[in-house]
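What TrEMBL lists as compositional bias 'Pro residues' is 11-22. The region 'Disordered' annotation in TrEMBL covers 1-30. Annotation source TrEMBL lists transmembrane segment at 60-79, 115-134, 155-173, 179-198, 240-261, 382-404, 410-429, 441-460, 480-499.
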Amino acid sequence: MGETENHHHPPPPQAAAPPAAPPNLALSRGPTWTPAEQLHQLQYCIHSNPSWPQALLLAFQHYIVNLGTTVLIASNIVPLMGGTHGDKARVIQVLLFMSGINTLLQTLIGSRLPTVMGASIAYTLPLFSIINDYNDEDFTSPHDRFVHSMRTIQGSMIVSSFLNIILGYGRAWGELTRFFSPMVVVPVVCLVGLGLFARGFPLLGNCVEIGLPMLILLMICQQYLKRIHSRAHLILERFALLLCIGIVWAFAAILTVSGAYNNVKPATKQSCRTDRSFLMSSAPWIKIPYPFQWGTPIFRASHVFGMLGAALVSSAESTGTFFAAARLSGATAPPAHVLSRSIGLQGIGMLLEGLFGSLVGTTASVENVGLLGLTHIGSRRVVQISTAFMIFFSIFGKFGAFFASIPLPIFAAIYCILLGIVAASGITFIQFANSNSMRNIYVLGVSLFLGLSIPQYFVTSRTFDGHGPVRTNAVWFNDILNTIFSSPATVAIIVGTLLDNTLEANHVEDRGIPWWKPFQHSKGDVRTEEFYSYPLRINEYLPSRFL
């Protein structure tokens, strides 16, 4: 008994303990942030409005920012066409007038986003073809050659506009965007900003003593000095741009008057002096743009095909800019039907530009979208008010010429910041996809690199007279390919869409498809109606296929 009583049975076998889970290293680094479809740091979002005095000043800032690209394109192209300083002033007036009209249309019945429609640099290659053709012909005067060039541009734009109208209102463009995912949107929006790097420091470097102080002063005033006082925070965050332009512009005028640029190279005088635009003396006091002001349009098939490539590129660039505008104005991603109608309306705007004799077509202005992020104000009303400044200064030429005489390196300093903000807003879309997927890293890396590298090759291989690396006997074919592959955003759409839809993903969540799908249908997200519906109950009177 004693042995039995003292006998201890062995314990039952225990299951092996599961291996300890590895520690969550993310917790040791602090909090994590959940994906945010809307930015909440904005002081005014797309449908909220600042006070009227502030809205007027903010609208004037949008006008000033848009003015830089307009003057840059006109200053570079008009002299090559044989135009005088007076012709350049008239071209700038038409560009501003059409920018105001198209911006108002887009914010009312187009994308409904706070985007300024500004002059597009994508049209320069087709313009070079027109310039080269007329250089070989005899004209009674350079001005006569300029007028013939403008009439040919008119005809080409009128015909080419129907491409965007068909792609947009035929819903084809919206169907294309259904193949997008966050992994396509990231490189497209990034390269909409980064692809314009030539308008940043390279242009600033033409007059460092003006451009660099502008860049430094804007960063200090807008980001650091606003911390001094709560009232200074409000003023400098929203209006530092106007303040810095006034200071540096006055500094440039002092250097000009004091003779600092009397004995420098002609190129330096052109960039630095405040009296080298010759717009004040040549601009008319009052001039209202009207249809066919240059004469009857000239239609040439070869130039029409070249302009078709530019119309396609402007649509691609506008699409990327619309995504950035939605992000920086507190809206959700634009649905497919909104993108379709905005591109269709852009085609109607291009038709109007052809009728009124604009030098180039318009596209959604990247720099003005960057201004939304800089000021933290994404109000639609502010952008709509800015159209009044564009139209007013396009009609009263002397007043508009005063602001158009701001040296271009000042605008270049502004672009260094604004274009960077747009590029960074594109990066934020990666939060909706799996950023740890090697497949996504491949798609993103290849799209970004080729989106920068291919256009850079096409630009650096371009000759002085505008001939690109594609040089076949068909000039129209050359213009189409050279224009398309000179656009970083367009190349990113092509490469990104192809890779993202052909490379296999482990899960649809890796591509961000669950986040993307609701925005492809008008009723897919409850906020779509709030941000993108037509004003004044227009929806009730339109067929559903147009909504």
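Glycine is treated like the rest: Cβ placed from N, Cα and C.
Source: prediction; values computed, not measured.
Under 8 Å from some Cβ of the transmembrane segment (382-404) lie the Cβ atoms of residues 44, 49-50, 55-56, 58-60, 62-64, 66-67, 70-71, 89, 92-97, 99-101, 103-104, 107-108, 114-116, 277, 279-280, 282-289, 368, all in the same chain and six or more residues away from its ends. Annotation: stretch 410-429 has the most Cβ pairs under 8 Å to the transmembrane segment (179-198), among 115-134, 410-429, 480-499.
Among the recorded stretches 115-134, 240-261, 441-460, the one sharing the largest number of Cβ pairs closer than 8 Å with the transmembrane segment (410-429) is 240-261. Between the transmembrane segment (60-79) and the transmembrane segment (240-261) there are 3 or more Cβ pairs closer than 8 Å, counting only residues 6 or more apart in sequence, so the two stretches are in contact. Taking residue pairs at least 6 apart in sequence, the transmembrane segment (480-499) and the transmembrane segment (115-134) share three or more C-beta contacts under 8 angstroms.
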